[in-house]
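J.: From Swiss-Prot, for reference:
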type: ACT_SITE; residues: E411; note: active site, nucleophile
type: BINDING; residues: Q47, H151, N196, E197, Y340, E411, W460, E467, W468, F476; note: beta-D-glucoside binding site
type: DISULFID; residues: C216-C224; note: disulfide bond
type: SIGNAL; residues: 1-18; note: signal peptide
Amino acid sequence: MELLWLLLLLLMASSTSSRSEMKAGEVIRRSQFPEDFFFGTASSAYQYEGAVREGGRGPSIWDTFTHNHPEKIANGSNGDIAIDSYHRYKEDVGIMKGLGLNAYRFSVSWPRILPNGKLSGGVNLEGIKYYNNLIDELISKGVEPFVTLFHWDSPQALEQQYGGFLSNLIVEDFRDYADICFREFGDRVKYWITFNEPWSFSIGGYSNGILAPGRCSSQGKSGCSKGDSGREPYIVAHNQLLAHAAVVQIYREKYQGGQKGKIGIAIVSNWMIPYEDSKEDKHATKRALDFMYGWFMDPLTKGDYPVSMRTLVGNRLPRFTKEQSKAINGSFDFIGLNYYTARYIQGTKQDSNSHKSYSTDSLTNERVERNGTDIGPKAGSSWLYIYPKGIEELLLYTKRTYNNPTIYITENGVDEVNNENLSLKEALIDTTRIEFYRQHLFHVQRALRQGVDVRGYFAWSLFDNFEWMDGYSVRFGINYIDYKDGLKRYPKRSSQWLQNFLHN
């Protein structure tokens, strides 16, 4: 395997060296993509909807986390109101249509459908009505709905009852919830995504504690009162994969034949680059990809976790039964790929004295600079360095490693710091974002030309919104939200650029 990986790296290096970068002023056009290619924006329920105590919605773990631990969120903010898309969805869909977008990715709030998390606790008909109205509005405006079933906001009731995704009891409850969604919305929804970024939910929620439910080992820096960073992330990821497979099975058996839809999962990965041209760093780079991307892609395409994870994590990594492995292998019609940034990777030695943790298990060290130069321009968020070529490299890696699956880029975007000293006119000038999308679309188009089966691209995001631990301190939107004046929406220059792109 190691020899194959080294040969792959050499092949990628040779192909990369022959590639030209996008030239300044070079134009990327909609006409360079297939006619049936989807262009949309992505969102999630907790970040957009607000109305957390309206319409029969039950509490989610994010309601609990933001209110119990405001110190973990920038400015102690929360998503109680967010950008109020619950009440303003018609206005928002109108903005999409005006831009010329033909798709919209949003998530259903599990506790808005099942306030107590379980079927036995009752179905919230108001929640079903809201999503029916949103779906109908999208379709009436020619916008294809891509619906995510889980974007991190699991019901607080299940967290209290059995620990949420730490328990395999979640599989049956998630299946029941998904079954309702397929039954109620599947006649119009043709693209389903089971989970958004199971890596982020597992790591942020259970390894470093920066996301809900905020668990990690006490040795960490995040001040967690409960958790085990060496075990819980692997358990939670495992249960998400089992729940995903169970939901895909029920969709294929009960609904897909009649509804003619597709189902997949959205996986996030950084692109990884060896820090030095050494055997150690090249092997470490493969391990880094395994521990972020292969952790989910290997089970989905091969039925088991990467060998590197089995070797290094040992008995802390759960095992699939033969039946589970068979159910997970091939349990997708498409892969959603979320890409934002890249990292240099160094190999490290095993420290027998260190506490077991996901962050050290891969024996890798991430770097954002080499020889005093950053890997790319730094964006608003501390973790986001702009590296456009990485999206092409990750797509080509997926084609070579995982048998060229159908892919939708389900998230790609960049943020700026929310600078309250800027005037509204100044805040709408986002040339960095225009260049970000221009460069990334250029590299997606290059991947297409090299045979990658990419069929859509979703920008993150249509609007500025609640950005998890960053709260409202950063802005990812192509449209500006005025948090001081009734959440009014204003198009940034990137919105106008995207509109022009879609009409060329």
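Any Cβ shown, glycine's included, is placed from N, Cα and C.
What you see is a predicted model, and the numbers here were worked out from it, not measured in a lab.
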J.: These are the disulfide-bonded residues: C216, C224. Which one scores highest on other Cβ atoms within 10 Å?
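T.: The most densely surrounded of these disulfide-bonded residues is C216.
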J.: Across all protein chains in the structure, which of the binding-site residues Q47, N196 has the highest Cβ count within 10 Å?
T.: Q47
J.: Nearest to the residue listed as 'active site, nucleophile' by Cα, among Q47, N196, C216, C224, W468 (recorded positions)?
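T.: For the residue listed as 'active site, nucleophile', the closest Cα among Q47, N196, C216, C224, W468 is found at N196.
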J.: Look up N196 (beta-D-glucoside binding site) in the DSSP assignment and reduce it to helix, strand or coil.
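T.: Where N196 (beta-D-glucoside binding site) sits, the three-state DSSP reduction gives strand.
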J.: How big is the beta-D-glucoside site in terms of the longest C-alpha to C-alpha distance among Q47, H151, N196, E197, Y340, E411, W460, E467, W468, F476, in angstrom?
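T.: 18 Å is the greatest Cα spacing among the residues binding beta-D-glucoside.
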J.: If I take the Cα of C216 (disulfide bond) as reference, which of the binding-site residues Q47, Y340, W460, W468 has the closest Cα?
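T.: That would be W468, nearest by Cα distance.
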J.: Around W468 (beta-D-glucoside binding site), how many other CB atoms lie within 10 A of its CB?
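T.: Taking every protein chain into account, the count is 24.
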J.: I want to verify one value. Collapsing DSSP to three states, which class is W468 (beta-D-glucoside binding site)?
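T.: DSSP assigns W468 (beta-D-glucoside binding site) to helix.
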J.: Tell me which residues of the chain lie with their Cβ under 8 angstroms from that of Y340 (beta-D-glucoside binding site), as long as they are six or more apart in sequence?
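T.: Looking at Cβ-Cβ distances below 8 Å from Y340 (beta-D-glucoside binding site), excluding near sequence neighbours, one finds V268, N270, L384, E411, N412, G413, V414.
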J.: Around the beta-D-glucoside site formed by Q47, H151, N196, E197, Y340, E411, W460, E467, W468, F476, which additional residues qualify by having Cβ within 8 Å of the site's Cβ center?
T.: A42, S44, N338, S461
J.: For Q47 (beta-D-glucoside binding site), what is the secondary structure state per DSSP, taken as helix, strand or coil?
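T.: For Q47 (beta-D-glucoside binding site) - judged by DSSP and reduced to three states - the answer is helix.
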J.: Between the Cα atoms of Q47 (beta-D-glucoside binding site) and C224 (disulfide bond), what distance do you get, rounded to the nearest Å?
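T.: Counting only the Cα atoms, the answer is 23 Å.
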J.: What is the Cβ neighbour count of W460 (beta-D-glucoside binding site) at a 10 Å cut-off, with all protein chains included?
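T.: Taking every protein chain into account, the count is 24.
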J.: If we check Cα distances from C224 (disulfide bond), which of the binding-site residues N196, W460, W468 wins as closest?
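T.: Nearest candidate: W468.
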